[in-house]
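Novice: For reference, the structure I am asking about is given below.
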């Protein structure tokens, strides 16, 4: 849940750009009052104001190493400032319309800028570094003085990237590769490559239905994220150059994107505020049994032993074919006596894979085993060599053996959208507003409880109590679903344990 922790009010009018310093307690802001302000957020005050721009300031950014700030403005210039000496050290001119954004390269002495003049420009600021990071050699210092006296250029245009048919709103460097991505009012996202001598267009990603506001490379995955005035965020595969995911809002246009420096989090600003989100679940599907745990991660079924902290690959797990990003295993069910594992996926209406793990394969990780597969909303073991599969369309469960053969069918007492283990031969069935415990053998309801939509189920070790975890609540009940207590949380409930 997002909570406002501070507010800084000294700008006159809208503030269009902000950026945190990566190691100091500073952030910089630029606004429609033509001012750049550097703030200490711990002291809660503006330290100083940088003046020089003659129109609205669009973006501001700290350099990752030097005491510099780069700013982009509607006055058609980019300025580089030294925030320690509080002076402007370079003005980059060349664009002939508003400069919508400018940013430093993460490693090299380069700046990329995007403008409504329909171009993306890459600037070489190597000479500025030599000039400001003072030379120790006397001859170098003398030549520097001559350059200063007779006028030298400390920032030059290296490339002008032309290809967009309308104004360009954003351009970003790739964190490690010689790539640039840009987004424009022509509704296109373009991918560019550069080398020491030239830069060229590689591909165009089409799909947005209105102006592309912002676009960036993901720091850890081969994907591009873009957002637009068409009220959507789109995710693109860099290698295949295809769209893999789209998030939409009903009424709000998107304007800006940012990524967390360490965590797998993205933020997007829109007309009504902002959202913080992940592209993929980070929590693996797992099942604990005694001193050990099976879990699925990075396309492998893995085995972890708590006492020895031994973590080993067991067998490769095939991912179902899908263009969606979030396609990893959702749940995992384990039968200890048979050493059998059921891995469930959510995509395409739900599917499962059944693996019987040879005892000697644990720790080898090279055993390729053909899984037994099937479709179903969810699947769990209900006995040593029996598992139940939810058939949502017919509101029934299919009980199968380890050969993946149906041995029994049972209609369910409620319109269940998920099933969970509830002791041998029993299922806990979840509907939108209630859960029931259903005995598969006698085909009767053992317990019924009204509760907000349940995400996770945690049983006590003796199977006498159960915790039902919802988005913002925890319900504790007996094994027959007799209510014992409810706890409400303001922050989302992610997991829990019951002794």
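Heads up, the Cβ atoms here are built off N, Cα and C, so glycines get one too.
In case it's useful when we look at the structure, here is the feature table from TrEMBL:
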- 301-496: domain 'COPA/B second beta-propeller' (DOMAIN)
- 8-49: repeat 'WD' (REPEAT)
- 50-91: repeat 'WD' (REPEAT)
- 92-125: repeat 'WD' (REPEAT)
- 161-202: repeat 'WD' (REPEAT)
- 205-246: repeat 'WD' (REPEAT)
Novice: Looking only at residues six or more beyond either end of the repeat 'WD' (8-49), which have a C-beta under 8 A from one in the stretch?
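Specialist: Distant Cβ neighbours of the repeat 'WD' (8-49) are 55-62, 64, 69, 71-73, 81, 83, 86, 261.
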Novice: In the same chain, which residue numbers or ranges, 6 or more beyond the ends of the repeat 'WD' (50-91), come under 8 angstroms Cβ to Cβ?
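Specialist: For the repeat 'WD' (50-91), the far contacts come to 16-22, 26, 28-32, 34-38, 97-104, 106, 111, 113, 115, 123, 125, 128-129, 132-133, 154-155.
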Novice: What are the DSSP helix, strand and coil residue counts for the repeat 'WD' (161-202)?
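Specialist: Going through the repeat 'WD' (161-202) residue by residue, I get 0 helix, 25 strand, 17 coil.
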Novice: Would you mind splitting the repeat 'WD' (8-49) into helix, strand and coil residue counts from DSSP?
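Specialist: Going by DSSP assignments, the repeat 'WD' (8-49) contains 0 helix, 22 strand, 20 coil.
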